[in-house]
Amino acid sequence: MSILTPSPINDLAWNTAWSSPLFRRKLGVGLVGILAILVTFPYFFQTIEKHTGPVLNDWVLDRLPPQDVSLIIFITIWASGLLLLIRVRRSPTIFMTFIYSYIIITLSRMLSINLVPLNPPVGLLPLVDPLTNAFYGKTYITKDLFYSGHTSTIFLIFMCLRRRWDRFFTFIGTLIVGAGLLLQHVHYTIDVVGAFVFTYPLYRLGKWLALSGWNSVVHPVDSTALPKSDQQDLSKK
């Protein structure tokens with residue numbers, strides 16, 4: 001299976017999914033979880049700024065003169081986020097998978113950041129992202145390091161999307177964001193690599209929690225959310 005080809009799922013339309021009481025309960029739990037995380041973010045990030053840890057000797061960063069590429073990172077992440085919003089209008093499966101996976105990934109990051117406190121890399125240039133920084137509080141956060149939240153978020157978007165070209169765009173975007181964070185010395189190499197290592201299994205867990213029970217039943221499929229090849233297969237049935 002190509003990396004751009006998503007694993008098959010039963011992609012229901014919103015009105016069909018809403019008819020399931022279990023879906024409605026899981027949706028409520030997911031929305032409450034997201035809201036709780038957003039409310040907690042400013043306090044959490046202000047707390048970790050008080051922590052101290054080692055400055056890692058990073059072979060890659062030592063060979064990259066720091067450059068400010070905040071605008072490129074900002075545009076790439078939020079363009080991917082906008083694409084996700086467009087797709088979830090027709091796909092509760094994508095929406096539920098994303099919010100449950102995001103909650104689990106965020107909780108794991110909160111744990112890993114506390115367990116592995118690090119001081120920021122030498123030469124760090126603050127990442128200017130007016131939307132994300134609104135949740136971080138008034139000061140720049142530099143110690144939310146292991147593992148990278150920016151990389152894990154756009155990689156999660158890539159895995160949640162279903163269409164081939166959507167996945168191509170967000171896969172390239174993931175590489176751009178990961179490289180940009182290193183170029184700006186916002187993260188260590190291990191932070192970016194760790195984002196890929198941790199995000200995939202947590203996405204699988206989030207997908208299972210989000211979809212089990214209501215998405216396995218045979219219902220009319222929202223074919224517009226599927227790749228064209230899948231739409232053609234459905235039209236033949």
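Every residue gets a Cβ built from N, Cα and C, even glycine.
Features of the protein shown, as given by TrEMBL:
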DOMAIN    144-203  domain 'Sphingomyelin synthase-like'
TRANSMEM  27-45  transmembrane segment
TRANSMEM  69-86  transmembrane segment
TRANSMEM  98-118  transmembrane segment
TRANSMEM  145-161  transmembrane segment
TRANSMEM  168-190  transmembrane segment
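The residues of the domain 'Sphingomyelin synthase-like' (144-203), classed with DSSP into helix (H, G, I), strand (E, B) and coil, number 47 helix, 0 strand, 13 coil. Listed as Cβ neighbours of the transmembrane segment (27-45) (distance under 8 Å, sequence separation of 6 or more from its ends, same chain) are residues 92, 96, 99-100, 102-103, 106-107, 110, 135-137, 141, 144, 210.
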